[in-house]
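Engineer: TrEMBL lists these features:
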type: BINDING; residues: S160, R180, T241, S303, R304, K313, G341, L342, E380; note: NADP(+) binding site
type: DOMAIN; residues: 97-225; note: domain 'FAD-binding FR-type'
Amino acid sequence: MSHSAVSQAGAVSISIGNERSLRRSVFKQNNSISFNSKSWSSSLALNQKTTSIRDAKRYTNTTICMSVQQTSSSKVSVSPIDLEDPKDPPLNLYKPKESYTAKIVSVERVVGPKAPGETCHIVIDHDGNLPYWEGQSYGVIPPGENPKKPGAPHNVRLYSIASTRYGDFFDGKTASLCVRRAVYYDPETGKEDPSKNGVCSNFLCDSKPGDKIQITGPSGKVMLLPESDPNATHIMIATGTGVAPYRGYLRRMFMENVPNKTFSGLAWLFLGVANTDSLLYDDEFTKYLKDHPENFRFDKALSREEKNKKGGKMYVQDKIEEYSDEIFKLLDNGAHIYFCGLKGMMPGIQDTLKRVAEERGESWDLKLSQLRKNKQWHVEVY
């Protein structure tokens, strides 16, 4: 999100040595992990011919667990566990004038053909040098010159991280971003105007494995996942790529085997997108729903396929209104509520919450003030 080989039976462990070497040589764009795979299997093909002799020499007897989609009783082991040690989140380890040079591991389109626009899941190799916590963001500096400041680099674009601190390979060396390609269409001609397209989103979506990328951060504290109470309720509301931080939360709750971290509360995700083809990480979320029905709820608002009770398009605020009594009771009992996505989502949501509060005989302004005071209210929009 911008503020601008697994079988169905389980994981396959492959003793082929150094994971870093393997990833450099076989994680090609066409063979990347498939997040939309209906069979929860990987489209990764292990072609030994693609492994260079140089990398082969560096192989050890490390066992690689290729279980990106494994979620239920046999959770995935993660490392290094010392990523759990710090009491405070890492902040601004790398700044715009001294950014970190990372590498692209894979770029994969994660929406179907009928989705308006293109959204990509991008895995970035930071080699363990740019640690982060769930809910934080990376800054990306696209290559080239800032048109408004000749000779200067582009401004930093912030993207919410869509993975846990251990990354999609559970080794603490990658981070993932969920990026929608920003394309501008001339309102008069209806034709695309490349000169006005989003510089950074197009750079990221066009990237190839091995490409270098300048990263800053990590930044942000407002969307950090509170973990002091494993029985807490977390209500997560997103539009589009705003689902990014929640993917990290949910993988941590339901996929990863983190010592002394067992989630026994309720995670409730509301996701608003245009249509079924626009759903992001749907198979991951659906799997959690199947395997953890007592701890996970998932409600979708498909604006171009569903109608609200008034006959209009179904937006995420309509889903919130549908469950408003339950949501308000959960908030009264200390639930955390998160909002992430386009800033245009907030007025409609706020209006809905205010109307519901008034119907309940409550002052929304007073309630919102209390939620903020109690640190239950988390908003990150762009």
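A Cβ is built for glycine as well, from the same backbone N, Cα and C atoms used for every other residue.
These figures come from a predicted structure and were not determined experimentally.
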Engineer: Which number gives the other C-beta atoms within 10 angstroms of the C-beta of S160 (NADP(+) binding site), all protein chains shown included?
Structural biologist: 29
Engineer: Can you tell me how many other Cβ atoms are located within 10 Å of the Cβ belonging to E380 (NADP(+) binding site)?
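Structural biologist: E380 (NADP(+) binding site): 21 neighbouring Cβ atoms within 10 Å.
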Engineer: Counting across all protein chains present, how many other Cβ atoms fall within 10 Å of the Cβ of G341 (NADP(+) binding site)?
Structural biologist: 26
Engineer: Let me know the most crowded of the binding-site residues, choosing from T241, R304 and counting other Cβ atoms within 10 Å.
Structural biologist: T241
